[in-house]
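In TrEMBL this protein carries:
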type	residues	note
BINDING	137, 175, 178, 261	Fe cation 1 binding site
BINDING	175, 228, 261, 264	Fe cation 2 binding site
COMPBIAS	18-33	compositional bias 'Low complexity'
COMPBIAS	34-43	compositional bias 'Polar residues'
COMPBIAS	44-53	compositional bias 'Basic and acidic residues'
REGION	18-53	region 'Disordered'
Ligand SMILES: [Fe+2]
Ligand SMILES: [Fe+2]
């Protein structure tokens, strides 16, 4: 297959985002402003009634050798016994309503007022992080699509009974509660401007995402292992901060979401652990490949119709508040190296052994780069966010 690799860009670690500097550029559609001199193929494009607001240009597909699909078919029973057990039966799951004022109860208005009083104690920059997290969760259709791009594990019919497809649908159904709960909380709290937030969600789902997983379940499950842990950490941190601001209810909301993410992390890391057992060379190469490309955040194409650097600005606030930082990125990598006992793998081929060296020495290097960038960081600037009625927060 055509593999157009993008060079490793260490500076990308520092801002925790991907955006325009890699994979050939993420750009805003120029549809409206294009001149009449453009080639005819582009004129065709112009006639499209809708173009994604954020576009990714260099995309690699189907990089896994087709014979490896058999590995995933042969793991069907294993996944039944080892992965589906990490799903919770619906009857035992929490639902958003468990943590929100009950609209059918007499005390609804009072409960809403209490929620709003508590919200007044929380600063704007916290809400920027919470909105960014909510928008990320709300782009769930994109993530289900992403899982269904993966060769050998996709849901072929939409109701397929394979273990992989069963997992993906039930995982999506569990995840759906996250955006739902955060969205309803933010709607009630009175601290944010819902319309630009809703526009951000619509823009984001319209743009999709490019995790650079190339239809390969090796790359895909490494990505999801990393990402579930990243969300576990960030929701855990917003829970901790809410508690510090005295809002135990909001802490519970973020905490309960974090606990789902942890369970999902357990499942995805188990899949990759199994791949290391069956195909250590293929798996270590995939791990190194993902780390070289950097794990891009799922909402990296975020846009609200106004701010071209919305994702970077949101990431800066999250970094400053300690909700999700460059250090967390390095910690997750280290956690996964440890979880999969990468340093203990033996008998690897030449390239794989180089990949092993690369991975095992990467976390300290990322930390050093992060510290250096932190030292060089210019004086704090502020940025206005449409999500909070244009009020400014420090980046
Ligand atoms: Fe989630
Ligand atoms: Fe998740």
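Backbone N, Cα and C define each Cβ position, glycine as well.
Automatic, uncurated: that is what TrEMBL annotation is.
Taking the binding-site residues 175, 228 in turn and counting surrounding C-beta atoms within 10 angstroms, the largest count is reached at 228.
For ligand 1, the nearby binding-site residues are 137, 175, 178; that is, of 137, 175, 178, 228, 264, these have a C-beta under 6 Å from one of its atoms. Residues 228, 261, 264, taken from the binding-site residues 178, 228, 261, 264, are distinguished by a CB atom under 6 angstroms from ligand 2. Here the candidates are the binding-site residues 137, 175, 178. The one whose C-alpha lies nearest to that of residue 264 (Fe cation 2 binding site) is 175.
The Fe cation 2 site, placed at the center of the C-beta atoms of 175, 228, 261, 264, has further neighbours from the same chain whose C-beta lies within 8 angstroms: 171, 174, 224, 227, 231, 232, 260, 262, 263, 265.
Every protein chain shown contributes to the tally, and the Cβ of residue 261 (Fe cation 1 binding site) ends up with 22 other Cβ atoms within 10 Å.
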